[in-house]
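Colleague: I grabbed these lines from TrEMBL:
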- 7-27: transmembrane segment (TRANSMEM)
- 39-59: transmembrane segment (TRANSMEM)
- 100-119: transmembrane segment (TRANSMEM)
- 126-147: transmembrane segment (TRANSMEM)
- 159-177: transmembrane segment (TRANSMEM)
- 189-210: transmembrane segment (TRANSMEM)
- 222-242: transmembrane segment (TRANSMEM)
- 254-273: transmembrane segment (TRANSMEM)
- 279-296: transmembrane segment (TRANSMEM)
Amino acid sequence: HILKTIILGQMLSLFICGTAVTSQYLAEKYQVNTPMFQSFINYSLLLLVYTTMLAFRTGSDSLWQILKQRWWKYVFLGLADVEANYMIVKAYQYTTLTSVQLLDCFGIPVLMALSWFILRARYRLIHFLAVAVCLLGVGTMVGADILAGRQDSEGSDVVIGDVLVLLGASLYAISNVSEEYIVKNLSRVEFLGMVGLFGTIISGLQLAIVEHREIMRIQWNWKIALLFTVFALCMFGLYSFMPVVIKVTSATSVNLGILTADLYSLFFGLFLFSYKFSGLYILSFVIIMVGFILYCSTPTRTAEPTTLPQPGTTGLDNAALKLEENDSETPAITVQFTRGEIVVVSTD
């Protein structure tokens, strides 16, 4: 089970690596910064595939019934998911890569707290130690970035960037907890279909407001189109595959596993962007994987809801108990002999 969880988590990391590398290549090579447009393409694909699947369903899990019963919940979920993606990408314009990597981990304790109260997950000491080990691995990775000089590109306003990262990480936690609840209690297709529907609407409106000028400036060619296509396929694969992994494990476990995505992006950056290599990157990968294995080695438990006694039925229960006791008693038998040799048997 641990090996399966590790493999699934690293597959998600590779999808995230694909989105990061293509986005960075678009920004550095072609000066294309359109995070909302890229998200809009992904949500549109989800809409085309999974919302269409819901549209062909009938019964209680059809698209119409889902919208009628809980449409407003999916509006908030779509808003949280869209804004989380936008805030994290936008933060790179204001703060450093180092700050983003460190503060992005703020989502993990938020996710654990939400899982405790909403999903009733109960953690043991080894789980907290495992999270601490994973965060130590992230710290080692940030230290390697500092030694390699990757943190030198200071943004325009570090405070704004850091706040955006914290807000984005918190919204990611809300989205992931909601995803775990929906996938384990409802269905994967419902989650993806609803996120695709409302994500397309919200990201389309935001795209028209904040990024229409950036899109007009793009000098389209086949290379840019290919990069957009690869990004969209990686993001679509990430969204489609993550609910499968969350159903097998948990949202917290998934978020610990994908901490290695930055390292995969670094390895690609050695060839594409001439990054400097450091042995600390290998060490940080090992530390993160050790923490991830520790977390997966002991399953979390789910707290059972406490049932309160019902005092209004106590008297009835006692009365019923007495009736049962009276019924179970052996009836008294009286035998009477009369002069005519007739036997009369009566029970009280």
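Just so it is clear, glycine is given a Cβ too, placed from its N, Cα and C backbone atoms.
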Colleague: Could you give the residue numbers and ranges of same-chain residues that sit at least 6 residues beyond the transmembrane segment (189-210) on either side and whose C-beta is under 8 angstroms from one of its C-beta atoms?
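Modeller: Cβ under 8 Å, 6 or more out: 36-37, 39-40, 42-51, 53-54, 61, 63, 66, 74-75, 77-79, 81-82, 86, 179, 182-183, 239-240, 243.
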Colleague: Please identify the stretch among 7-27, 222-242, 279-296 with the greatest number of Cβ pairs below 8 Å relative to the transmembrane segment (126-147).
Modeller: 279-296
Colleague: Any residues 6+ beyond the ends of the transmembrane segment (159-177) with a Cβ under 8 Å from its own?
Modeller: 77, 80-81, 83-88, 90-96, 99-100, 103-108, 110-111, 114-115, 118-119, 246, 251, 254-255
Colleague: Top stretch among 100-119, 222-242, 279-296 for CB pairs under 8 A with the transmembrane segment (254-273)?
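Modeller: Comparing 100-119, 222-242, 279-296 against the transmembrane segment (254-273), the winner is 279-296.
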Colleague: In the same chain, who gets a Cβ under 8 Å from the transmembrane segment (100-119) while lying at least 6 residues past its ends?
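Modeller: Residues 88, 91-92, 131, 134-135, 138-139, 141-142, 145, 161-162, 165-166, 168-170, 172-174, 176-177, 180-181, 250-252, 255-256, 259, 262, 302.
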